[in-house]
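Asker: Take this structure, written in structure tokens, and hold onto it; I'll ask about it next.
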Amino acid sequence: MKKYKFLFAISIIAIGLMTVLLASINEKKEEKENLLSVPKIEKWETKNEEFRKFYPREFDSWKQTKNSDQIDDMLKLHPEMVVLWAGYAFSKDYNAPRGHFYAIDDVSNSLRTGAPTDKESGPLPSACWTCKSPDVPRIMHEQGNNEYFTGKWAKYGADIVNPIGCVDCHNPETMELQVGRSYLNDALKAEGKSPTLATATQQDMRTLVCAQCHVEYYFKKTPLENGKTAMAVTLPWANGTTVEDMEKYYDTIEFSDWVHQVSKTPMIKAQHPEYETWKTGAHGRNNVSCADCHMPYTQEGGIKYTDHKIGNPLENMDKTCMNCHRVSEKSLLANIQDKKARKDDLNQKAMEQIVAAHLEAGKAWEVGATPEEMKDILTDIRHAQWRWDFAAASHSAFFHAPEETLKTLGTAIEKAGNARIKLAKVLAKHGVTDYKAPTITDKKQAQELIGLPMGKLIEEKKQFTNGLLKDWKNEAEQKGLYNPKSREGVETKTSY
């Protein structure tokens, strides 16, 4: 009797397990059918969560960029940057980039975007939204590039509300890779050496979708027929994409982002030239794409998908580096750390030299130096800081192109040194032989040195975030552009 009870129990358990297995198989089959079916997604659907039904793994891995939430205050880490950017918004607030999930939060909370009180106020143009959201190519399509690039940043506060996501890189109707920002193709044509969107292969596109944003750019003042002026995002590639090529481009058109508050130098602010830096390194020369390393393929059961947790490839070395490199992870990491240490050393020396040049130039103006005496000096400072910033703003430059990065920082130090030698002669000519530029010790001291009213700026920003910013979100929700549930549990973090 006991034997039959035992067999009966075993049979029940077996039937149960078979039921679970069959249910799992059916679920996987249904999921595969969903994945292979034609997505029922509108062409300009910019709410990223709407893609989860058809692409759950891709969406869930993208959402993991939410975990990259730490604020790393770069001005606190490198207070010299405050003086390097004196007179420019970056001296107020500059943090290391966080995950794509926070793109809208970070630009909205930054002191750089100021504290607008309506759609027509604030310090920055609408172009400052360009790389933050899939809502941008939607608006470009609806209104045209000229209209989009016209007006203040606050103009689109209630329209650009979803962080970097699906439509930035994919056509929702086919899920093919796409570039929705036309200035990239314009620049590729102007450069004349790289594949354009018309000739790009699938492998090329796995980099070009990233190059929509991870590039050097400037805002080109473009007068329009209606009397308005567009501040159009433009990539300075007409001469090529090296640091020297772009320096020549900017010098030829006599462009400057701002005039330095202390040295009176017409400055160029490098943005984030990862694509240009990548091109000069081993990975770029061998067409190893951005996605190959930052979005590796992942296998889950019978389903292979691209990991959309865009971040540091070193966190997934078995799926990234070790696919090609036949050395141990330990050896590879040691090599990378050595490259970073060398870059960090030259980076610090470059900052110190350029800061001293700015302050010594300020002293020269103070004691009566003439524009003619200062002309070549200011050119040296301009070129030194452009080259330093090019290497520093591309956060991964030491990895993507270590030799090029060290060369760039080396020439930055050289040019800053040349400026200081000339400044010593100018200062001596005007009776100053013992001036020593103050040492920059911390962020607070540096911001006080250049006269930034930080308390006032922070208070104004808090009024904006507690007022107009909330109004934008409410308006966007009413328009159907924004789902507040997508931001539940998100903590506001800043460096101030």
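Backbone N, Cα and C define each Cβ position, glycine as well.
Among the features that Swiss-Prot reports, signal peptide is placed at 1-23. Annotation source Swiss-Prot lists heme c 3 binding site at H100, C210, C213, H214, citing sequence analysis. The annotation heme binding site is assigned in Swiss-Prot to C128, C131, K132 on the grounds of sequence analysis. Per Swiss-Prot, the feature heme c 2 binding site maps to C166, C169, H170, H308; the stated evidence is sequence analysis. The Ca(2+) binding site annotation in Swiss-Prot covers E216, Y217, K269, Q271, and the record cites sequence analysis as its basis. The substrate binding site annotation in Swiss-Prot covers Y217, H272. Swiss-Prot lists H283, C321, C324, H325 with the feature heme c 5 binding site. Sequence annotations record features per position, and here Swiss-Prot assigns heme c 4 binding site to C290, C293, H294, H400 based on sequence analysis.
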Asker: Quick check: of the binding-site residues listed here (H170, K269, C290, C293, H294), which one has the Cα closest to that of H100 (heme c 3 binding site)?
Answerer: H294
Asker: Around the Ca(2+) site formed by E216, Y217, K269, Q271, list the extra residues of the same chain whose Cβ is within 8 Å of the site's Cβ centroid.
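Answerer: These residues sit around the Ca(2+) site: V215, Y218, A270, H272, P273, A393.
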Asker: CB neighbours of H214 (heme c 3 binding site) within 10 A?
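Answerer: A count of 22.
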Asker: Could you state the whole-number distance in Å separating the C-alpha atoms of Y217 (Ca(2+) binding site) and H294 (heme c 4 binding site)?
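Answerer: Given the Cα positions, Y217 (Ca(2+) binding site) is 22 Å from H294 (heme c 4 binding site).
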Asker: Could you state the CA-to-CA distance between C324 (heme c 5 binding site) and H308 (heme c 2 binding site) to the nearest Å?
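Answerer: Each residue's Cα considered, C324 (heme c 5 binding site) and H308 (heme c 2 binding site) end up 21 Å apart.
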Asker: Want to know which binding-site residues, from K132, H214, C290, H294, are within 10 Å of H308 (heme c 2 binding site) at Cα; which are they?
Answerer: H294
Asker: Among the binding-site residues H272, H283, H308, which residue has the largest number of other Cβ atoms within 10 Å of its own Cβ?
Answerer: H308
Asker: Could you measure the widest C-alpha to C-alpha distance across H100, C210, C213, H214, the residues recorded as binding heme c 3, and give it to a whole number of angstrom?
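Answerer: Max span of the heme c 3 binding residues, Cα based, is 12 Å.
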Asker: Given the heme c 5 binding site residues H283, C321, C324, H325 in the record, what is the largest Cα to Cα distance, rounded to whole Å?
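Answerer: Answer in Å: the longest Cα-Cα distance is 12.
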Asker: Which residues, in sequence order, are found in the same chain with Cβ within 8 Å of the centroid defined by the Cβ atoms of C290, C293, H294, H400 at the heme c 4 site, excluding those residues themselves?
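Answerer: Going along the sequence, the neighbours appear as C210, E274, W278, H283, V288, S289, A291, D292, P313, S396.
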Asker: Going by C-alpha distance, which of the binding-site residues C169, E216, C321 is nearest to H294 (heme c 4 binding site)?
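Answerer: Comparing Cα positions, the closest of these binding-site residues turns out to be C321.
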Asker: Anything within 10 Å of C321 (heme c 5 binding site)? Look among the binding-site residues K132, H214, C290, C293, H400, comparing CA atoms, and list what you find.
Answerer: C293
